[in-house]
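A short worksheet on the structure shown next.
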Amino acid sequence: MFTKTKRGKFSLKGIGIKKPEGVAGSSAFAILVDLFVAFGGLLFRYDTGTIGGIITMRYWLDIFSTGYIDPKTGQLGITSSESSLIMSILSAGTLFGALFAAPVADWTGRRIALWIGLCVFAFGVILQTASVDIPLLVAGRFFAGFGVGMVSMLVPLYQSVGAYQLAITIGLLLAAVIDNATKDLDNTGSY
């Protein structure tokens, strides 16, 4: 994916994005950051995808059960209310995180706000990992959801900066192509 150029710098090969001559710096880092930030969407789907399986694991049920006996299996389990709370509290955190993200981004900037969202998410994951009972697990899921909400709102904002720069570059390329294609016309189509 990376190739070394004649000047000793690294470039992205195969992506199809080439910077115009005379423009300082490399766009490779900006592209990599943008691709990395795009993984923010994974947070929400990974968390919601795994918890459904986790709350059905026998070992997890033995630790987190509040004494409820599942009538189908006769073993320790959790009630449907507890299950619903564990599953849905992430979405509540996501709502509040998304609402909180805009003022934080205005105050600190998009990049720092993204870091704050990721730190809140990590704090929620730590709480969930350390939990051995439902209340701490629920608190961890709320904080994880809060972080996911912030990241879900901020990733498109952050990427829009890169997309705008890409659009500028594409606009310059389009202008050069049109100028080149019409330079030899002897009518108003040339301009």
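Glycine residues also receive a Cβ, built from the backbone N, Cα and C atoms like all the rest.
Automatic, uncurated: that is what TrEMBL annotation is.
The annotation transmembrane segment is assigned in TrEMBL to 21-44 (among others).
Under the heading domain 'Major facilitator superfamily (MFS) profile', TrEMBL lists 33-191.
The transmembrane segment annotation in TrEMBL covers 85-105 (among others).
Outside the transmembrane segment (112-130) by six or more residues, the chain places 37, 40, 43, 93, 97, 101, 104-105, 136-137, 139-151, 154-155, 158 with a CB less than 8 A from a CB of the stretch. Marked as transmembrane segment by TrEMBL: 112-130 (among others).
Feature annotation from TrEMBL assigns transmembrane segment to 161-178 (among others).
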Original post:
For the domain 'Major facilitator superfamily (MFS) profile' (33-191), what is the mean per-residue pLDDT, to the nearest integer?
Top reply: 84
